[in-house]
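Scroll down for the structure; my scribbles are underneath it.
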Amino acid sequence: MASKSVVLEAREITLAIELIELGARLQLLEAETSLSRDRLVKLYKELKGVSPPKGMLPFSTDWFMTWQPNFHSSLFYNIYRFMAGHGGCRAIESIVKSYRLYLEHVQLQDDEPVLSLTRAWTLVRFFDSGMLQLSVCRRCGGQFVAHAHDPQHAFVCGLCQPPSRAGKTKKAAQTRPERQSAVAGIPAEVPQVAEARAHEARCTAPTLDTFVTAEV
């Protein structure tokens, strides 16, 4: 009986730890690592202090079509396409790196992430199975997540044509005055400096706008 490589097992544990820290569900861990369910549960409890949540994973593509989730998902998937095409790593590693960049961009915009790691992983699986496609907005030229086989010639994204109540949530109403007062006191050159530093930290990674419109 061949003995299992200690190095490979260590890599699997490292990957599982990274996924758990990013909020992965147990089903994702089972699908992407070779560790047993019992070991994954123990690892999850050790890292999070609680048992992994139960229940089924998201299985509908409709969530990705709603207004805010759609452009967050579109941002992530365009990052993922770049990473998958140029990163030279496994699919799950591309997902992790892309998700970290997605979180970074959201933080730069002083926003909160809408897309969880499990949703991002599910999104990639939906694309791989042919259930979703990227459609090009005829106004801004950005590429956005859409149902497979939807007509593309007249597609307009939710940013160019937002629904009537887009962004009008209770939380947005509570935080808007704070954001407005904060923005009023920031010198005009600060956003450019912050973006330049973020770009330098990412080395050759594209900017936010590049991810949305990049052709791979």
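Cβ atoms are placed via backbone N, Cα and C, with glycine included.
Because the structure is a prediction, the values reported are computed rather than measured.
These features come from Swiss-Prot:
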BINDING   CYS137, CYS140, CYS157, CYS160  Zn(2+) binding site
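A simple Cβ count within 10 Å picks out one of the binding-site residues CYS137, CYS157, CYS160 as the most packed, and that one is CYS157. Take the mean position of the Cβ atoms of CYS137, CYS140, CYS157, CYS160, the recorded Zn(2+) site; other residues of that chain with a Cβ within 8 Å of it are ARG138, ARG139, GLY141, GLY142, PHE144, VAL156, GLY158, LEU159, GLN161. DSSP gives CYS160 (Zn(2+) binding site) a coil state; it is part of no helix or strand. The Cβ of CYS140 (Zn(2+) binding site) has 15 neighbouring Cβ atoms from other residues within 10 Å, across all protein chains displayed.
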